[in-house]
Amino acid sequence: HSVSRASPNLTFVPACLPPDPAEVEELQRFVSNSKRLFVMTGAGISTESGIPDYRSEGVGLYARTDRRPVQHAEFVRSASARQRYWARNFVGWPQFSSHQPNQAHLVLRDWEKLGKLHWLVTQNVDALHTKAGSQRMTELHGCTHRVFCLACGDRILRSELQEHFEALNPTWKAEAFGVAPDGDVFLTDEQVRNFQVPACRKCGGILKPDVTFFGDTVSQEKVSFVYSGYRFALAAREKKLPIAVLNIGPTRLDHFASLKLNSRCGELLPLIV
């Protein structure tokens, strides 16, 4: 897991300048002065692993396509919506699940091991922090590598569900046209019409990825623990705690952050000791 092994994939990373030495020094001071460092990550950290985000200008999914993620209500209400979601997800899973942590994920894991990082909260569902070895962590929006039943709550691994899909659809062939941040893939309605979706093995209920869909609600247990990323930052500001933002492009936190850095996470974080 040495940091040097993770080579970045910059296809979905917005253009930016290399880190400025003064910025590196400022972030070094920020980290060194932190007694209990709390880190929150979003889609930007995983773009260097080859996973596109939704909103980045020019390279995000919204900028490149007219595709939008599935809504929670539609998934629960419509069998055809679930069939379409799972067919695309089935095709995209081998690629999506093969993505590996990049240097930023590995640095955060190392900070945890060294006692620098007190807790990590991620809004990502890609399991890359887990793959990197992070343990002091909360996945605010869940993880695509787990699936659960909406009726009885039974849980299985997404890799196990892939085997069920293959058994039910032995002759099903499809061509992937591009993977979305949630592992979804572009397929026509005609292609998905014959795709068979397994029910819960225990009660026959509806299976859903253990992730927060758009329009879904984050569990009260998690909300009470971490709020949303923005509300957590507001709480930090009220306590007069210093906040550093590392992101390519503007964020809602910029106007009250102690430090704002426009750099690639995987390029800047390894420079901090």
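Note that Cβ sites are derived from N, Cα and C of the backbone, with glycine treated the same way.
The domain 'Deacetylase sirtuin-type' annotation in TrEMBL covers 17-273. For the domain 'Deacetylase sirtuin-type' (17-273), the model's pLDDT averages out at 86.
If you look up TrEMBL, you'll see HIS141 marked as active site, proton acceptor.
The Zn(2+) binding site feature in TrEMBL is assigned to CYS149, CYS152, CYS200, CYS203. When other Cβ atoms within 10 Å of the Cβ of CYS200 (Zn(2+) binding site) are tallied across all protein chains shown, the result is 18.
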Sequence-distant neighbours of CYS203 (Zn(2+) binding site) in its chain (C-beta under 8 A, six or more apart): CYS149, ALA151, CYS152, ASP154
Alpha-carbon spacing, HIS141 (active site, proton acceptor) to CYS200 (Zn(2+) binding site), which is rounded to whole Å: 22
Which of CYS149, CYS152, the listed binding-site residues, has fewest other Cβ atoms within 10 Å: CYS152
